[in-house]
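The annotation signal peptide is assigned in TrEMBL to 1-22. The domain 'SMB' annotation in TrEMBL covers 25-64. Residues or ranges marked as domain 'AMOP' by TrEMBL: 282-430. Per TrEMBL, domain 'VWFD' is recorded for 442-636. Look at TrEMBL and you will find 720-777 tagged as domain 'Sushi'. Positions annotated as disulfide bond by TrEMBL: Cys748-Cys775. Under the heading transmembrane segment, TrEMBL lists 781-805.
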Amino acid sequence: MKLALLPWILMLLSTIPGPGFTAGAQGSCSLRCGAQDGLCSCHPTCSGLRTCCEDFLDYCLEISPSSGSMMGGKDFVVQHLKWTGPTDGVICRFKESIQTLGYVDSFYQVHCISPLLYESGYIPFTISMDNGRSFPHTGTWLAAHPYKVSESEKSQLVNETHWQYYGTSDTRGNLSLTWDTSALPTPAVTIELWGYEETGKPYSGNWTAKWSYLYPLATNIPNTGFFTFTPKPASPQYQRWKVGALRISSSRNYPGETDVRALWTNDHALAWHLGDDFRADSVAWARAQCLAWEALEDQLPNFLTELPDCPCTLAQARADSGRFFTDYGCDIEHGSVCTYHPGAVHCVRSVQASPRYGSGQQCCYTAAGTQLLTSDSTSGSTPDRGHDWGAPPYRTPPRVPGMSHWLYDVISFYYCCLWAPECPRYMKRRPSSDCRNYRPPRLASAFGDPHFVTFDGTSFSFSGNGEYVLLETTLSDLRVQGRAQPGRMPNGTQARGTGLTAVAVQEDNSDVIEVRLAGGSQVLEVLLNQKALSFTEQNWMDLKGMFLSVAAQDKVSIMLSSGAGLEVGVQGPFLSVSILLPEKFLTHTRGLLGTLNNNPRDDFTLRNGQVLPLNASAQQVFQFGADWAVSNTSSLFTYDSWPLVYQFVYGPKHNPNFKPLFPDETTLSPSETEDVVRLCESDRFCILDVMSTGSPSVGNATRIAHQLHQHRLKSLQPVVSCGWLPPPANGHKEGLRYLEGSIVRFSCNNGYSLVGPESSTCQADGKWSMPTPECQPGRRYTVLLSIIFGGLAIVALISIIYMMLHRRRKSNMTMWSSQP
């Protein structure tokens, strides 16, 4: 989506009398939301520019809440729209195909109920107030992965493990669930079981996903927020469903009525509803299911070949945030509760699903930072035929978020590993990836006044005042742009230094994300296609061509479909940005962050191809930076206030009248030098920022940002892996680390002896110094007996020799005594 903003703004300025103009221009936003033409605007920027049509908020809807689980059942209200007229019926239509019934409350507010969906991300919807004859009101609903919504929005299975092991040995009794009654205001409720399945031939056009209503657990019970029951085996016609969820809704609805206000539990293994055969012998039942899964799995395409290799270390995995992201099931930041991977402290998942099969990679690590492999332990990381987070275009197997993963990777783990002792079968088909082919991404950063560290390691400062190309790539149409504006001196006057105040990014036809400091403050504001986002409900968003995460109020992570990643954060009064590029971008970049080709000498390349030397003066580097100013037609930025329009649309993209403070233009007094050195130590960027802004706090923020860059760079250094080394048959090995310098030691079981080396070392060339030795039976006892009998023979021989010598000596003495 290429956004050419200039033509629209110039047209706007030619028809509107300036910043004093107020809302109320003639025209309507009915069926025009997002439009920038006409006498008035229906574009998200119109509020700040005060150019909106009078009915903008009536047709271009804002809703609350704005998000919920993709399982549906969430009631949301349309803000600002008051409906006092008659209505034949309110219909809410999602994605032009899924319709739910809405209503108007006693305060004349319009409500919709979110539908059950098979995808996550922003879902467009329209509303009809005339029973479906017209749909002029439009908005967007954010559907989230069920595990990424607030726990208060779901019903809770009390002791979820008990639910999922029910019917196995020694697991009986009652099951209970709870819910927040305020989230479902109705006097009586019905609790239903719904099952999930995917039918049809795998990887064919008739492979479909479906949630089905099965049967009620309870009907018309008081809405107390608590229910307990003793499970009974389900009727045979329902037992083909092994994965499902419970839904709680008003008893006024008919059984299985779709898209009504409701609360759902998490999806889970339905052990508690399985038949008597499972309860009689759960191990035999699960073994049969495991063998059936194994047979099916062996007929499906091999998805492992298109998955990325795991990072070698925990440090790499956490630093490579463009391609890997925290697995919420094993997070070191939340206590390392790793139910399926005991022994691990942190796991990550590949952000993007594999292109052909929609599969995902998982990588788990110990507290020592070592990767856990299934070859060594059932706690090892396992790849997924269905990516847990799903994959665009979603909706069809195996790309349905959460649920496809449950069917192909999780319930089979229950069959083979948790309910039956057949885990080797599972691990053989879900082997961990080692890291022999992993290549860390390349890192570049901008921070402070601003200062730049390119992908090839060149460091320089460029205090431009304007909007600039940080990065452009030809491999994919990836564009990253930065806006730099002057800071303020402690006395309030304008400083001769600048800093980043906004960063915008787009790749190919993706959404456009802009991260900026709101209103000159140190508060981050994120815009999606020029509309401000709220993160009060969700901190993870599935967007077109990218994922967006806001784990903290001062940092935004953007993960692009190419594997590139950005992190934008607040550092002092300015923004800092770090960009990660996979090695495939080698020789395909240009802009202020240099030419990625392992050659820093061409990092100062101008648009026309001319290259400045690395020892170019500060003034020459300033001209290099100015050369990379963006154009109006290529700008990704949002101009939603008149100061921005006047400065960056009417004015030049690079302000030639702004004169920065160059390093050779000022000196410090001895006392100032002592204070700066104490603060900055040897960090020249910190020193320059204190000089240009007069603020030690700005300098300190720059020093911290520079240290963070250096720490991440260190974490991303390549390491050599020799790959997994097996233990000897009938023996053991000591050591689960397979990186350069690691030593693996071998030993044998009782009754066997080692033939070969006792250890092997991972060498710098990626090869083990010695192969795995053998453990041969009986040799230990043979050697022991040989030693014993050999020793006895030697003792006997010595005794014989001694006796012979003794006799000979005695004979000689007799002869000597007979002489005269």
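Every residue, even glycine, has its Cβ placed from backbone N, Cα and C.
Automatic, uncurated: that is what TrEMBL annotation is.
Simply put, out of 282-430, 442-636, 720-777, 442-636 has the most Cβ pairs sitting under 8 Å from the domain 'SMB' (25-64).
Cβ neighbours within 10 Å of Cys775 (disulfide bond), excluding its own Cβ and spanning all shown chains: 23.
Cys748 (disulfide bond) counts 22 other C-beta atoms within 10 Å of its own C-beta, drawing on all protein chains shown. Assigned with DSSP, the residues of the domain 'SMB' (25-64) fall into helix, strand and coil as follows: 8 helix, 8 strand, 24 coil.
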